[in-house]
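Participant: When I checked TrEMBL for this same protein, it listed these features:
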DOMAIN    27-472  domain 'Major facilitator superfamily (MFS) profile'
TRANSMEM  24-43  transmembrane segment
TRANSMEM  68-90  transmembrane segment
TRANSMEM  97-113  transmembrane segment
TRANSMEM  119-143  transmembrane segment
TRANSMEM  155-174  transmembrane segment
TRANSMEM  180-200  transmembrane segment
TRANSMEM  270-289  transmembrane segment
TRANSMEM  301-319  transmembrane segment
TRANSMEM  326-348  transmembrane segment
TRANSMEM  381-405  transmembrane segment
TRANSMEM  417-441  transmembrane segment
TRANSMEM  447-468  transmembrane segment
């Protein structure tokens, strides 16, 4: 028997037709400036380390291989700490204020790096910008999902990933003309602009209703949806969802309505990092060197970043058309095929085990310069094309959709804490996989890590098929009802509830 029409569908059609999204877009833009800063700070070493390893740098600031490696990887530890901070702050002070607070460690970090007179200042500054990145990663997706309505949530949920990639592109472009200190100064601008704009943006209506502030929630919804929108319908739906959850206890976390969405979100963030995307991007040039694809690198990072931006933009346009699961299937298959090709290529064209200079100075620099090399040998096209397909696959699904699904499936009463937990798991996994990758390449060449990444991508496909629900076109309340009932999106209320 076909599923009944959702309770909200018939009542909200006329109201939804009166929605004006212009102010919603402004609120989303204000928030995702934090993601722009996140993308910028993540790849900051790419343009900075060449200058800090040059012969004319202050000896107190000159970085060797060990210092350079820590300058890149310490960011992930800061991001994990920031994720744990977001876990507490999201529910303590709210999503919007948590995003604004992230500007504090970001600004201090850039000031330390911009005015650094010793390496410890650079490392501490890098750690603090990582803290800010972890906080925004744990807060912004939740804020966006809670202020967006279901018709645009997919596209809006892709905005953090798009602006993160755009921030990386901005760093690469500015790195061609600015010295490293001025790059730090420029990095502080988006964070300050974010604070100024967010002051005028509303808080999450769902959180306001949870706190019993219905009038403020109604005002926020009217600001976000337009003056002619019937806010009462959405307020009633949110209130119903909150009333059916109450406060979570530890014993309740053992029930499917809570542990299933939390487990799905955590496992997706874990698998996302285990695909190997972070070490592939960070150590791309040394990887190509071991793959017999090494030529002068210039504008390589910008080309890779532009390619990623294109793929994420395509995913955003398809998110509410093709659906989350279809994109995750496509993403998994592309990553399986490309990582398998890289595995076979590294086995057929073996590179000897041994230390590879995992120099973070050119974290993404390897693809554009490889185009010229591939003309000399057709074998050089295999790692180039395979890596491009891998990045395309990741950007189409497992990159942006893990963030979006995290903000959609987590139950409201646990959303703040659980999102911070997801971010912390993600970044701790990233740190571990980067360290493991370096040792695996040194001991076993590229074949073993690529084989591991291929196996993980297969698990990604299976996990999508078995565990991930399709949330396209569903309200957050319908998604919560899916986990509460064990598989039904339709919201049904008792007659007594309807009369109240």
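Backbone N, Cα and C define each Cβ position, glycine as well.
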Participant: What average pLDDT does the predicted model assign to the domain 'Major facilitator superfamily (MFS) profile' (27-472)?
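Facilitator: Mean pLDDT, the domain 'Major facilitator superfamily (MFS) profile' (27-472): 81.
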Participant: Let me spell it out: take the transmembrane segment (24-43), skip the flanking residues so only those 6+ beyond its ends count, and list any with a Cβ under 8 Å from a Cβ in it.
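Facilitator: That would be 75, 96, 99, 102-103, 106, 109, 129-130, 132-133, 136-137, 139-140, 143-144, 147-149, 152, 156, 159-161, 163-168, 170-172, 187, 190-191, 193-194, 197-198, 200-202, 224-225, 301, 363-364.
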Participant: By Cβ distance under 8 Å, which residues at least 6 away from the ends of the transmembrane segment (447-468) in the same chain are close to it?
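Facilitator: Sequence-remote neighbours of the transmembrane segment (447-468) are 264, 267-268, 271, 274-276, 279-280, 324-325, 328-329, 331-333, 335-336, 339-340, 342-343, 346-347, 350, 398, 405, 436-437, 440-441.
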Participant: The transmembrane segment (155-174) and the transmembrane segment (180-200): do they have three or more Cβ pairs under 8 Å, with pairs 6 or more apart in sequence?
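Facilitator: They are in contact.
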Participant: As a test: from 68-90, 97-113, 155-174, 381-405, 417-441, pick the stretch that has the greatest number of Cβ pairs under 8 Å with the transmembrane segment (326-348).
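Facilitator: Selected stretch: 381-405, with the most Cβ pairs under 8 Å.
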Participant: Mind pulling out the one from 97-113, 155-174, 417-441 with the most Cβ pairs under 8 angstroms to the transmembrane segment (381-405)?
Facilitator: 155-174
Participant: Between the stretches 97-113, 155-174, 417-441, which one has more Cβ pairs under 8 Å with the transmembrane segment (68-90) than any other?
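Facilitator: If we count Cβ pairs closer than 8 Å to the transmembrane segment (68-90), 417-441 scores highest.
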Participant: May I ask for the residues of the chain that lie six or more residues beyond the transmembrane segment (417-441) and have a Cβ under 8 Å from a Cβ within it?
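Facilitator: Tertiary neighbours of the transmembrane segment (417-441) are 69, 73, 76-77, 79-91, 130, 134, 137-139, 141-142, 261-262, 265-266, 269-270, 272-274, 276, 278-279, 282-283, 290, 353, 356, 358, 406-407, 410-411, 448-449, 452.
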